[in-house]
Amino acid sequence: MLKLIVPTIMLLPLTWLSKKHMIWINTTTHSLIISIIPLLFFNQINNNLFSCSPTFSSDPLTTPLLMLTTWLLPLTIMASQRHLSSEPLSRKKLYLSMLISLQISLIMTFTATELIMFYIFFETTLIPTLAIITRWGNQPERLNAGTYFLFYTLVGSLPLLIALIYTHNTLGSLNILLLTLTAQELSNSWANNLMWLAYTMAFMVKMPLYGLHLWLPKAHVEAPIAGSMVLAAVLLKLGGYGMMRLTLILNPLTKHMAYPFLVLSLWGMIMTSSICLRQTDLKSLIAYSSISHMALVVTAILIQTPWSFTGAVILMIAHGLTSSLLFCLANSNYERTHSRIMILSQGLQTLLPLMAFWWLLASLANLALPPTINLLGELSVLVTTFSWSNITLLLTGLNMLVTALYSLYMFTTTQWGSLTHHINNMKPSFTRENTLMFMHLSPILLLSLNPDIITGFSS
């Protein structure tokens, strides 16, 4: 794993030693080269020592998430150039250092084999994210958003730490591989039920589950473009990854405890989708759509079948790329109109036809149109929820309908209609922006040709 961690750490001195005119080129190209390294981990069936050590290791669940994390760093750097154009050089370097340190902590979180190390790095991701939101956000409300983000995450994570200490005192080890192989069947007692809640609550806040989601729209809306992209694409996936790892160890207790959370996530999925139909703020709409998609992932994980895990992993990767793409498009609108209100940016199709094309593709990917990878993820989850209970088909089917409605509502409101009077001159779409959209969309479309590489555990 050091072949991935060390080059990423070396991006920090590269950033600070780069000249003013080379800082963007150096960081983008080197981070793009680093994003190729996780592809080597797909060979681990024949060569297991390739990516395994006592401290860090990768498996078919970790590797797709590592790919997503490393692929996203060059994209966030490309997306932030306009946002940072008026900042002094030292602040640009500090901003890039925050993004790189966030990537380092994410890689270590996904690959940690000890649960206490996983917890430490899980919490470490909070620091650079909080700095990015509260320092580089656009509006004064960013401080309020940062407070929500901090307290929700910390309060949710404290029971996890207590549960980990209790488990270590009881079993003498917190190694994920050992715990998975030697897991005892937990009885359905009050103490074990509370321990299950303590283990999963941190991840349900992070996902977030409906009811624990109030921090997410605020954080998304107030964060700068890189903050929104990383938050939507990778940080929410930490919750899904942690739940997948720990619910397997806590079986068969998960099967007893899952029912209220399954109902809550299915209900929350429809509620948040419906909220999207009433949004006027573009970033807020995309944030609520993230909650809706992640509710489907929570449902899949709690059903605890190999197929549902496959659907959850595919959906996490697909949602990471799609939501990041939507935030990039929303940011391109914001940089030109200086407003997140959708009605004020209507009719942009006449001025920016190529950007309208990216908007159309992003909206169609969001509603899971073939041949995107989103469709495969949603169908896998749909089939597993239906086999678990027939009634869920009504809820998941209704959710797909509402998702299609708000995706088309978002596209038509921003692209069609007559131009508003305050838009009198507008810069055309830049090559950088078009490259950015292409680099988001190409994996969404290409992964559908060979989805085996991101099917997680079942591979």
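Cβ atoms here come from the backbone N, Cα and C positions, even for glycine.
Long-range neighbours of the transmembrane segment (22-42) within the same chain, counting only residues 6 or more positions beyond its ends whose Cβ lies under 8 Å from a Cβ of the stretch, are 3-4, 7-8, 11, 14-15, 50-51, 58, 62-63, 66-67, 70-71, 73-74, 77-78, 81, 89, 92-93, 96, 100, 453. Positions annotated as transmembrane segment by Swiss-Prot, on the basis of sequence analysis: 22-42 (among others).
Marked as transmembrane segment by Swiss-Prot: 60-80 (among others). A Cβ distance under 8 Å defines the sequence-distant neighbours of the transmembrane segment (60-80), meaning residues of its chain 6+ beyond its ends; these are 4, 8, 24, 27-29, 31-32, 34-35, 37-39, 41-42, 44, 95-96, 99-100, 103, 106-107, 110-111, 224-226, 229-230, 233-234, 237, 241, 244-245, 313, 316-317, 320-321, 324, 328, 331, 432, 435-436, 439-440, 443, 453-457, 459.
Distant neighbours of the transmembrane segment (102-122): 1, 4-5, 8-9, 54-58, 62, 65-66, 69-70, 72-73, 128-129, 132, 157, 160-161, 164, 167-168, 174-177, 179, 202, 230, 234-235, 238, 241-242, 245; these residues of the same chain sit at least 6 beyond its ends, with a Cβ under 8 Å from one of its Cβ atoms. Under the heading transmembrane segment, Swiss-Prot lists 102-122 (among others), citing sequence analysis as support.
Same-chain residues lying 6+ beyond the ends of the transmembrane segment (145-165) with a Cβ under 8 Å from its Cβ atoms: 115-116, 119, 122-123, 126, 129-130, 133-134, 137, 174, 195, 197-199, 201-202, 204-206, 208, 212, 214-215, 218-219, 221-223. Annotation comment: Swiss-Prot describes 145-165 (among others) as transmembrane segment.
Sequence-distant contacts of the transmembrane segment (196-216), counting only residues of its own chain at least 6 positions beyond either end whose CB sits under 8 Å from a CB of the stretch, comprise 122, 145, 148-149, 151-153, 155-157, 159-160, 162-163, 186, 231, 235-236, 238-240, 242-243, 246-247, 250, 253-254, 257, 261, 264-265, 267-269, 271-272, 287, 290-291, 294-295, 297-298. Marked as transmembrane segment by Swiss-Prot on the basis of sequence analysis: 196-216 (among others).
Annotation comment: Swiss-Prot describes 224-244 (among others) as transmembrane segment.
Taken from Swiss-Prot, the feature transmembrane segment covers 257-277 (among others).
The transmembrane segment annotation in Swiss-Prot covers 284-303 (among others).
Under the heading transmembrane segment, Swiss-Prot lists 308-330 (among others).
The feature transmembrane segment is assigned by Swiss-Prot to 351-371 (among others). Through the fold, the transmembrane segment (351-371) approaches residues 289, 318, 321-323, 325-326, 329, 332, 377-378, 400, 403-404, 407-408, 410-411, 414-415, 419, 423, 426, 428-429, 433-434, 437, 440-441, 444-445, 448 of its own chain, all at least 6 residues removed from its boundaries and within a Cβ separation under 8 Å.
Feature annotation from Swiss-Prot assigns transmembrane segment to 391-411 (among others).
When each of 257-277, 284-303, 308-330, 391-411 is scored by its Cβ pairs under 8 Å to the transmembrane segment (224-244), the top-ranked stretch turns out to be 308-330. Just going by CB pairs under 8 A, the stretch in 284-303, 308-330, 391-411 that sits most against the transmembrane segment (257-277) is 284-303.
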